[in-house]
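Q: Straight out of Swiss-Prot:
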- His123, Glu125: Zn(2+) 1 binding site (BINDING)
- His177: Zn(2+) 3 binding site (BINDING)
- Met1: N-acetylmethionine (MOD_RES)
- Gln6: deamidated glutamine (MOD_RES)
- Ser45: phosphoserine (MOD_RES)
- Gln50: deamidated glutamine (MOD_RES)
- Lys93: N6-acetyllysine (MOD_RES)
- Lys122: N6-acetyllysine (MOD_RES)
- Asn124: deamidated asparagine (MOD_RES)
- Ser145: phosphoserine (MOD_RES)
- Asn146: deamidated asparagine (MOD_RES)
- Gln170: deamidated glutamine (MOD_RES)
- 168-196: region 'Disordered' (REGION)
Amino acid sequence: MDVTIQHPWFKRALGPFYPSRLFDQFFGEGLFEYDLLPFLSSTISPYYRQSLFRTVLDSGISELMTHMWFVMHQPHAGNPKNNPIKVRSDRDKFVIFLDVKHFSPEDLTVKVLEDFVEIHGKHNERQDDHGYISREFHRRYRLPSNVDQSALSCSLSADGMLTFSGPKVQSGLDAGHSERAIPVSREEKPSSAPSS
């Protein structure tokens, strides 16, 4: 059985010209006449034509506009203080703030590989309000060349904000590049991540 993979904005981008099948599984959109009988309309009568208005409605434009409206009206859209990731590189310190509120320190792995820090989080399937869910993410950030890799630290605040930080050294000193794991410590107080 072949599976059609498409971007969700353009599920019906070509309207009636798109070779749609009932098994494409566009749940929640309703069925259109060409979903049930794609070739029947032209085989019954050669004079049958679908209305232009119906073609425009089915073409995906209305879906695109609806999707854009929902994206623009989400509370986090365009609001930098609700951004879950923040990377800051000051003169004397490099800091990464990452929102990982669905993970415990045991679910997180932080490693330094040469000039990169890799943060991986995974928890097995567990029950939440809507059913069962499992989550996994993998982030990779390039460390500035002057970060002292022997003094890197990582902590998880009570509100689920992971803070990875490391001091910078003067340009004449060697920062040291090796692979090592960074333990994640738990803090009892909420994060003091900047809101801008």
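Cβ coordinates are placed from backbone N, Cα and C, and glycine is handled just like the others.
Explain the structural surroundings of these features, please.
A: Within its own chain, His123 (Zn(2+) 1 binding site) has His102, Phe103, Ser104, Asp107, Ser134, Arg135, Glu136 as residues 6 or more apart in sequence whose C-beta sits under 8 angstroms from its own.
In the shown protein chains, 12 other C-beta atoms lie within 10 A of the C-beta of Lys93 (N6-acetyllysine). In the three-state DSSP reading, Lys93 (N6-acetyllysine) counts as strand.
Reduced to three states, the DSSP call for Lys122 (N6-acetyllysine) is strand.
The local packing around Asn124 (deamidated asparagine), expressed as other Cβ atoms within 10 Å of its Cβ over all shown chains, amounts to 9.
DSSP gives Ser145 (phosphoserine) a coil state; it is part of no helix or strand.
Long-range neighbours of Gln170 (deamidated glutamine) (same chain, six or more residues apart, CB within less than 8 Å of its CB): Asn146.
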Q: Determine the minimum-neighbour residue: among Ser145, Asn146, listed as modified residues, which Cβ has the fewest other Cβ atoms within 10 angstroms?
A: Ser145
